[in-house]
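See below for the structure under consideration.
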Amino acid sequence: METALAYQYNSSIPVVPMWLNKGDNAWQMTASTLVGLQSMPGLVILYASIVKKKWAVNSAFMALYAFAAVLICWVLVCYRMAFGDKLLPFWGKGAPSLGQKFLIGRAAVPESKHSETPMIEPFFPMASLVYFQFTFAAITMILLAGSVLGRMNIKAWMAFVPLWLIFSYTVGAFSLWGGGFLFHWGVIDYSGGYVIHLSSGIAGFTAAYWVGPRLKSDRERFPPNNLLLMLAGAGLLWMGWSGFNGGAPYAANIDASIAVLNTNICAATSLLVWTSLDVVFFGKPSVIGAVQGMMTGLVCITPGAGVVQSWAAIVMGILSGSIPWFTMMILHKKSSLLQKVDDTLGVFHTHAVAGLLGGLLTGLLAEPVLCRLILPVGNTRGAFYGGTGGIQFLKQLVAALFVIGWNIVSTTAILLSIKLFMPLRMPEEELVIGDDAVHGEEAYALWGDGEKYDPTKHGWNVPSYAEENAMSEFSHGAKARGVTINL
């Protein structure tokens with residue numbers, strides 16, 4: 001059987017080496033773009049629209065800045081701390097990922113070789129892997145920001161982003177994905193339930209504690225400034241999740257297909273369950289609630305997207321639409337700790353609770369045949385499938401405790417260090433005004449919050465800028481012709 005010309009190796013065309021699979025590379029770059037779009041513009045839009053109008057610009061900027069800062073830190077040192085050679089059982093050796101020799105070679109995760117399986121070596125170049133994993137690091141940082149919107153000093157945030165990426169994110173990524181001790185122990189985190197969502201939720205909650213709360217008036221009334229735009233951001237987030245979970249196998253293979261289908265099934269189920277609970281308990285469906293339910297479904301399926309059956313994705317969707325709903329809507333109002341910590345967008349509930357739930361459910365529902373398709377440790381299975389499944393559940397629990405503990409300690413240490421040089425929270429006068437005080441910009445050319453009607457500024461008979469400009473030009477032209485006009 002003759003090989004198609006497009007797949008034949010030609011030594012005179014070194015840009016297509018023998019190890020390169022064009023389909024895998026095309027899908028990996030597509031998946032990277034989809035995950036990137038979740039952050040930029042997805043979460044930028046969602047954050048800008050879901051907050052009070054006076055914080056729209058600041059919230060969007062925090063996400064925008066994080067996306068750019070993470071990329072530069074990632075290629076300078078962090079990628080290889082997360083996916084390079086081992087320094088410690090939970091951390092890789094930092095080094096730049098910028099040289100052409102490194103980037104055009106075949107992708108590899110050097111510490112991933114297991115006694116039962118070979119080293120992870122996808123059929124695409126290292127450049128594709130570096131960028132794909134950057135998009136995961138970036139969205140983790142932006143999700144964390146959701147806990148401190150509306151009051152964190154922007155300069156403190158600018159310092160916090162690279163420090164947290166270096167000292168917190170890379171630890172979780174190496175431990176679970178890069179060949180660290182949890183990876184070789186056989187913990188399942190298919191696409192980031194622990195590395196991304198549990199980390200961002202716990203770190204965000206910890207940061208919210210140390211930064212302090214919003215103004216009392218903002219905590220009591222914080223209406224979204226544009227619900228329809230919020231839905232646009234949420235839509236980008238949902239559709240981008242196909243790249244999030246579909247790109248995790250590092251190949252356009254059958255496991256990627258299973259992961260994409262399960263991702264959407266779980267998200268839809270969770271959205272419907274959350275909405276139903278809103279109707280039952282509050283009498284009406286909530287658009288914000290539907291988005292929260294969508295989010296918890298996407299988060300919950302992430303650690304097991306490619307290793308659970310599709311009926312299990314429905315089960316996970318039912319639980320992710322109800323348990324985080326309970327913690328956010330019921331438990332939050334009764335817990336003094338949850339009440340004290342001002343987690344602006346409830347990232348603790350939508351990401352920490354849902355991510356932990358997903359990781360533990362994966363320890364119960366991981367299907368043996370699907371596990372063999374992708375996981376490095378043989379005979380892996382969830383507890384519901386007997387055998388060593390009970391041990392797998394315990395592994396999932398221990399890994400969660402490690403991620404929670406590391407993020408509490410590292411986030412606390414980073415923020416207390418920054419506090420030595422600058423305040424973590426904005427001054428009161430900036431908190432009262434919002435975007436205009438922080439950035440000198442406002443999202444909408446409308447009256448500011450609380451501004452009173454002034455007929456000299458807002459009256460119907462006040463000439464517009466265009467009218468004033470046209471009148472001025474007319475006046476100057478008339479003077480040039482020697483005509484006097486009394487305005």
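Cβ coordinates come from backbone N, Cα and C, glycine included.
The shown structure was predicted, so the numbers you read here are calculated from the model rather than taken from an experiment.
According to TrEMBL, the feature domain 'Ammonium transporter AmtB-like' maps to 26-444. Under the heading transmembrane segment, TrEMBL lists 26-48, 60-82, 129-149, 161-188, 194-212, 224-244, 256-275, 287-305, 311-331, 352-377, 397-418.
Same-chain neighbours of the transmembrane segment (352-377): 112, 114, 116-117, 120, 183-186, 188-190, 193-194, 196-198, 200-202, 204-205, 249, 253-255, 258, 295-297, 299-304, 306-309, 312, 315-316, 319-320, 323-324, 327, 383-385, 387, 389, 392-397, 399-400, counting only residues six or more beyond its ends whose CB sits under 8 Å from a CB of the stretch. Packing against the transmembrane segment (224-244) from elsewhere in the chain are residues 30-35, 37-38, 41-53, 56, 136, 191-192, 260, 263-264, 267, 287-288, 291, 294-295, 298, 302, 443-444: each is 6 or more residues past its ends and has a CB under 8 Å from a CB in it. Residues 261-263, 265-274, 277, 281, 289, 292-293, 296-297, 299-301, 304-305, 338, 346, 349-350, 353-354, 357-358, 361, 365, 367 of the same chain lie 6 or more positions beyond the ends of the transmembrane segment (311-331) yet place their CB under 8 Å from a CB of it. Looking at which of 26-48, 161-188, 194-212 has the most CB pairs under 8 Å to the transmembrane segment (397-418), the answer is the stretch 194-212. Outside the transmembrane segment (194-212) by six or more residues, the chain places 136, 139-141, 143-148, 151-152, 156, 160, 164, 168-169, 172-173, 176-177, 187, 299, 302-303, 340-344, 347-356, 358-359, 399-400, 403-404, 407-408, 410-412, 415-416, 419, 424-425 with a CB less than 8 A from a CB of the stretch. Residues of the same chain lying 6 or more positions beyond the ends of the transmembrane segment (161-188) and with a Cβ under 8 Å from any Cβ of it are 65-66, 69-70, 73-74, 77-78, 81-84, 86, 89-92, 94, 109-114, 133, 136-137, 140-141, 144, 194-195, 199, 203, 303-304, 307, 359, 362-363, 366, 371, 375-377, 380, 392, 395-396, 398-399, 402-403, 406-407, 410-411, 413-414, 417-418.
With a threshold of 8 Å between CB atoms, the same-chain residues lying at least 6 positions outside the transmembrane segment (26-48) that come near it are 56-57, 59-60, 62-64, 67, 122, 124, 128-129, 131-132, 134-136, 138-139, 142-143, 145-146, 149, 226, 229-230, 232-234, 236-237, 239-244, 246-247, 250-252, 256, 345, 443.
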